Amino acid sequence: MPAKRTRQRRRVPAALLAPAVVGLAFLILPLAGLLARAPWTELPARLTEPAMLDALRLSLATATTATALSLLFGVPIAWLLARGDFPGRSVLRALVTVPLVLPPVVGGVALLLVFGRSGIVGSWLHERFDVTIPFSTTAVVLAMTFVSMPFLIVSVEGALRGADLRFEEAAATLGAGRWTVFTHVTLPMIAPGVLAGAVLCWARALGEFGATITFAGNFPGRTQTMPLAVYLALQSDLEAAIVLSLILLAVSVVVLASLRERWTAVA
Amino acid sequence: MSTSPHRTTTPGLDAHLVVDRGSFRLDLRLTAAPGETVALLGPNGAGKTTALRALAGLEALSDGHIALDGVVLDRPRGGRRVPPEHRRIGVVFQDYLLFPHLNAIDNIAFGPRRRGLGRAEARDLAAQWLDRVGLGDFGKRRPGQLSGGQAQRVALARALAAEPSLLLLDEPLAALDARTRLDTRVELHRHLAGLAGPAVLVTHDPVDALMLADRLVVVEDGRAVQEGDGESVTARPRTDYIARLVGLNLYRGTASGRTVRLASGEALTTAEALEGDSFAAFPPSAVALFRTEPDGSPRNTWRAVVTGVHRHGDHLRVQLDGPIRAAADVTPAAAAQLGLEPGQEVWAAVKAAEIRAYPA
Amino acid sequence: MRTGFALALTACLSLAALTGCGGSDASGTTTLTVFAAASLTEAFTEIGDRFEAEHDGVTVEFNFAASSDLAAQITEGAPADVFASADQGNMDKVVDAGAAADPQTFALNQLVIAVPEGNPDGVTGLADLARLDFAACAPEVPCGAAAQTAAEGTDLTPVTYEADVKSTLQKLTLGEVDAALVYRTDALAAQDEVDAVEFPESAAAVNAYPITALADAPEPDLAAAFTEYVLGDDARTVLETAGFQRP
């Protein structure tokens, strides 16, 4: 909006600026450390390595699928938590955020106990349909969804709580039923919150390591995502690990920035 | 919908709105004939907006009923409650509530789309409505890019485009500045006059109520305290609230011929003769102030103390305390001559011919 | 060398929390700092206790981690006296960096096929893995390199290449695979849940554990004494109980 742009630039109070600068330095310096240590001459060779490309492609595909799944299931969950009126809602909210506090490796073990070959659901799938989830790309997506969906839920629930219900009432008086109100009014109005949640979710999924390596194992081309490739490279070759990390970073920054660009262009 | 218990024979709106909310209770009977605009006038917190929300189906009735054109929309005792989206009741909200993610055309087309029109048809209809409210060139604008007056007109067009059987307006002009308000009020009046169905307007501004509505219902503390056309309500206010709104000094007492004796023991001599419980009212401009006791014709005079002096238009409004509390309007010149200031004692006088008396 | 400083600092801090960074302290006890491969945790803890019992006033502090991490910490300047690696490669890195000389092999470790207790699939050798889901270590880590060597010439493919031997074994104990290629020591440590099936091909991929006193050891004499002790008969008994073999 033009009014916003012409607003005078205000001076930032020192009490905010000082901790902000310290905090930024803390966040950015490790990245600078990686950049300083990176063997730039190796970069072109690494970029064309088929194993690296496989891992990158797998990472992008699985993180995106996990984000789509999180949207599909997370938005309704967020709606329930924000608008639902049922006993135990606060307990449910706490449970939903469990994957945020659970060490991812433990999350991976928990997933194995449910979807593993001898898990509650997994054994049934195995016997009934001869489907085995661990060590498959599906497992990677499940692990990512498990750890990243809470980010989406928390973000969307916040947006829903902040949304002005009166717009939904206005839509109802214009003849819109509940579902139409949700799709045509609520969802578009909380779109920024949904997008922020999806971005967080995608970023978390992309960086996912612990639950993935535990639940999905590590198999090149099938379950070896970039973070797994980085971790294994770290075992033998620090420089290679740094290069892989930088590629992952660069790709995610480009994707997120272009997404933001497109979104702000629309809005 | 056609089963007999859910039908009445009254055309237009026939409602008895009862909403219980702890310490507050709304209990309001309200009718509006087709083509009639009824204003709910009252102070903040009187329950006007609650009444409107109950009509629209956004607030549940505790008791009573709402029937529109013979169809019962709400009757808690009959277990009947038609949801808002099926009531065909249009609402113009106080801050318009235009959907921020849709442009003006799509905001207006929202209702027609829900009524089953195709996208193109709905947009055509919306464009016609936009023309009708004089904003033909503003279709692509988002609500954030419209002025207050424009947004108000888009909100009106949006409500009307859905072809409501009843139109509700919640303080439709309250958010506008004085100048825009004047223009928008005139235009709103034009649209209301052209409506086939009834309309209910909620406002705390007597000027809006008088100009836009055919009938006024004064609501105070959840109840209707006075009802009638603009003239009768303003000429004969029955509560302090209305008296203050229309700028009258209002008293209640017992009439005996041309004298109304007030609860304080004072008596006012009035123009009309009356018997029994009654109101007596006079405008502040009818009060004359003197430094010494005036003599002459039979008039109402009393000693009073000035408690406040404020500018009021091109004259000064003087608040008087004493046996009869009243407001008096004097010119600045007269005030200077009298040396009016809080605490000063004066004599107040009102001609009997200026005091109107009517039964309570 | 700023990164090196940071790494050394990190290593020092993590030890400092336990020991105080350095050799002797005011009370007269001397602290010996040993960096040892994670697979040596049980055996070296026992050996450390025995060494302390024989040396009055000496406390042995261990930093157990992946050999590759330890090698990086040492080359970046972490103050350690002794380095015991699970493979030759990481020891070579330390030697090449000039941080040590003359490492000596003190133990051997060999791969076995770990199977659920009772061996329900009747595994007798490497060939049986072709019909089973099995887990192995990734080639980037020593146990994976060993597995690759042992399985050379076959077209065996595990369902997962795990990052370390513990998680490889964990996949078996969780029931997600039918077998796992792990070190005999690891299979032995989990003998309540798994059986170890020896296979001849593993002889081609024996893992040697080298040990050395470090050049910049704060306690060089004690470091030499400890290295000597680990190579001695007393320590060997402990190592063999844990499943290691004599070199």
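Just so it is clear, glycine is given a Cβ too, placed from its N, Cα and C backbone atoms.
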Residue in C:Tyr183, C:Tyr229 which TrEMBL records at the molybdate site where C:Ser39, C:Ser67, C:Val165 also bind:
C:Tyr183
For C:Tyr183 (molybdate binding site), which residues of its chain lie six or more apart in sequence with Cβ-Cβ distance below 8 Å?
C:Ser39, C:Asn109, C:Gln110, C:Leu111, C:Val112, C:Cys143, C:Val165, C:Asn207, C:Gly243
Taking only the residues the record lists as binding molybdate, namely C:Ser39, C:Ser67, C:Val165, C:Tyr183, what is the largest Cα to Cα distance between any two of them, in Å to the nearest whole number?
15
Neighbours of C:Ser39, C:Ser67, C:Val165, C:Tyr183 excl. site residues, C-beta within 8 Å of centre, molybdate:
C:Ala37, C:Ala38, C:Ala86, C:Asn109, C:Pro142, C:Cys143, C:Asp164, C:Thr185, C:Asp186, C:Asn207
Give me the count of other Cβ atoms within 10 A of the Cβ belonging to C:Ser67 (molybdate binding site).
29
